Amino acid sequence: MMKKYSLTTHSTETCQILFTSVSNVFKYIPSGTRRILIMYQDSVSQVLPIFSAASGVQCYRYLIPDSESAKQLGVAEQCWRFLAQNNFTRSDLIVSCGGGAASDLSGFVASSYLRGIKVIHIPTTLVGMVDAAIGGKTGINLKEGKNLVGSFYSPYIVLCDPSMLTTLNEEHLKSGLAEIIKCGFIQDESILSILEHNAQDHMDCSQRVCAETLPPKLLEELIHKAVSVKITMVDSDFRDTHKRQFLNYGHTLAHALEAATSHKLPHGQAVSIGMVYAAQVAFAKGLIGRNILTRHERILETYGLPICPPEVQWRNITPYMQRDKKNMQSNDTDSDKDSREMPQISTQSKLVLLREIANPFISSVSHTVLLKAYEAMFPQ
């Protein structure tokens, strides 16, 4: 049975998030569409035969790189040129098939080509289903940091088919679980309780739970809970000025670690480490007790996610943390200053922290506390 969510992205626009078979995609193609560009990753090429059944629509395929390699300006330019060379118009359509990087890139390409053509996302990873494809954020990376160039652009439809997750490997499932667990910490504590209860039944001799052993019905329940959390936060703050930023819990350090390691650290692992770090910061500031910090470590480690950063020196991380989007707001109120003067490097960074579970807020934290919390994450 199909399940549907509605997400209001602008005052006059609503994005439908549909849980149904991917084979139903042609039911939702906008009328008048003559051309479709399918931007896909090699790992999901098995989806392509579905589009060969299109009637009256010309389908083009465009293979994009896997993972963060797709999110480059050069790749976006190649896509724009392909669209132009094949005479795509505003009445045509892009369909993305793949993980979070596929929806990030295709959304950015769609938002900028001809100043906007429709895009449908078909997320095929757990991260894509619960996070990246939902909410209208698009982005590509620069050497200076992750997702520094992008737009807010609502997809026409997001089509989620949980049956596609059955072929995901353990690492991809764990990455998605990190985003689901994040939703438990910032809003819906029942997510944490479900995972903790499941761990009691499926823990192996190493005190770990293999993500691949999650019962399909349980995984689908967790997906719907995480999607509901994201919709609640995006619906009231599409342009990411306040409440939506809570979805960045754990992401300040995560994005910095990804950039500092040249994206060798998978996103979900980085988010896991970032959440433990945010809990360490909150604990250092006296906002939460050790019990909440320990709960972070226990649930993430139980599901095979890392809780300790790789060996990356603090001085290599701080430049990326300072470029975090939450810090990109001018505090300069002196009108006599030369507008060309370079701003001073802040001695603080903004992080999403918890006062308690499901009670997030944004806090400015001194670099002294940030360093102390980072050092506390390494075994003594």
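Placement of Cβ uses the backbone N, Cα and C atoms for every residue, glycine included.
Taking a C-beta cut-off of under 8 Å and a sequence gap of six or more, G100 (NAD(+) binding site) has these contacts in its own chain: P123, T125, V127, G128, D131, A132, A133, H267. According to Swiss-Prot, the NAD(+) binding site annotation covers G100, A101, A102, S103, D104, T124, T125, K137, K146.
Per Swiss-Prot, Zn(2+) binding site is recorded for E179, H251, H267. Cβ neighbour count for H251 (Zn(2+) binding site): 26 (other Cβ atoms within 10 Å of its Cβ, all protein chains included).
The feature region 'Disordered' is assigned by Swiss-Prot to 320-343.
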**Item:** Structural state of K146 (NAD(+) binding site), classified by DSSP into three states
**Value:** strand
**Message:** My understanding is the cutoff is Cβ-Cβ under 8 Å with a sequence separation of 6 or more in the same chain; which residues meet that for D104 (NAD(+) binding site)?
**Reply:** A70, K71, A132, K137, T138, G139, I140, N147, G150
**Assigned conformation of T125 (NAD(+) binding site) - DSSP reduced to three states** = coil
**Prompt:** Which chain-mates of A102 (NAD(+) binding site) that are at least 6 residues away have a CB under 8 A from its CB, listed by sequence?
**Reply:** M39, Y40, Q41, I64, A70, S96, H121, P123, G128
**Complete:** Not counting E179, H251, H267, residues with a CB within 8 A of the CB centroid of the Zn(2+) site are V127, D131, S175, A178, K182, G250, A254, G268, A270, V271, G274
**Complete:** One finds that other Cβ atoms within 10 Å of the Cβ of E179 (Zn(2+) binding site) number exactly 26
